[in-house]
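Visitor: Pasting in a structure now, in structure tokens, and then I'll have a few things to ask.
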Amino acid sequence: MSEPAGDVRQNPCGSKACRRLFGPVDSEQLSRDCDALMAGCIQEARERWNFDFVTETPLEGDFAWERVRGLGLPKLYLPTGPRRGRDELGGGRRPGTSPALLQGTAEEDHVDLSLSCTLVPRSGEQAEGSPGGPGDSQGRKRRQTSMTDFYHSKRRLIFSKRKP
């Protein structure tokens with residue numbers, strides 16, 4: 001079942017498997033479709049939440065938006081450095097934090113999200129398994145669960161008419 005030497009196809013993507021099932025991709029049409037879909041989603045969210053997510057301003061409507069004090073953004077989310085506000089992909093502008101939202105935040109409002117981890121060696125007494133300790137169940141193997149562990153098995157009763 002080998003193909004003849006003249007019918008060998010060249011893989012256009014090199015060694016990777018690559019198929020175009022529906023023809024070439026029109027990138028301009030794709031970007032227009034994505035932009036239209038995004039605009040529709042933004043408009044739907046704007047009408048639902050009475051908030052303009054593009055300019056980050058509240059709108060008149062069912063909801064009354066107010067600033068929550070003391071919940072400032074962590075430093076992780078604030079833009080820093082010479083590439084401030086630049087997208088890593090393509091160099092376009094990415095949405096930054098609005099000055100209206102950051103107004104009134106101070107250094108003490110930021111939450112410190114740093115964590116530290118230290119390894120603690122086990123002592124010989126705990127490794128042997130003290131009663132009630134975490135090493136108590138290490139020696140036993142767990143059996144594999146089956147369907148009957150979750151559902152009780154029942155016998156099906158079949159009533160048939162007896163012949164006279």
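Positions of Cβ are set from backbone N, Cα and C atoms, glycine also.
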Visitor: Between 90-114, 140-164, I'd like to know which one Swiss-Prot lists as motif 'PIP-box K+4 motif'.
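Guide: Of the candidate stretches, Swiss-Prot labels 140-164 as motif 'PIP-box K+4 motif'.
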Visitor: Looking at 29-34, 47-52, 53-58, I want to know which stretch Swiss-Prot calls region 'Required for binding CDKs'.
Guide: 53-58
Visitor: Could you tell me what the rest of the chain brings near the zinc finger (13-41), counting residues at least six beyond its ends with Cβ under 8 Å?
Guide: none
Visitor: Whose Cβ, among the modified residues SER146, SER160, has more other Cβ atoms within 10 Å than any of the rest?
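Guide: Of the modified residues SER146, SER160, the most buried by Cβ count within 10 Å is SER146.
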Visitor: THR80 (phosphothreonine) has how many other Cβ neighbours within 10 Å of its own Cβ?
Guide: 8
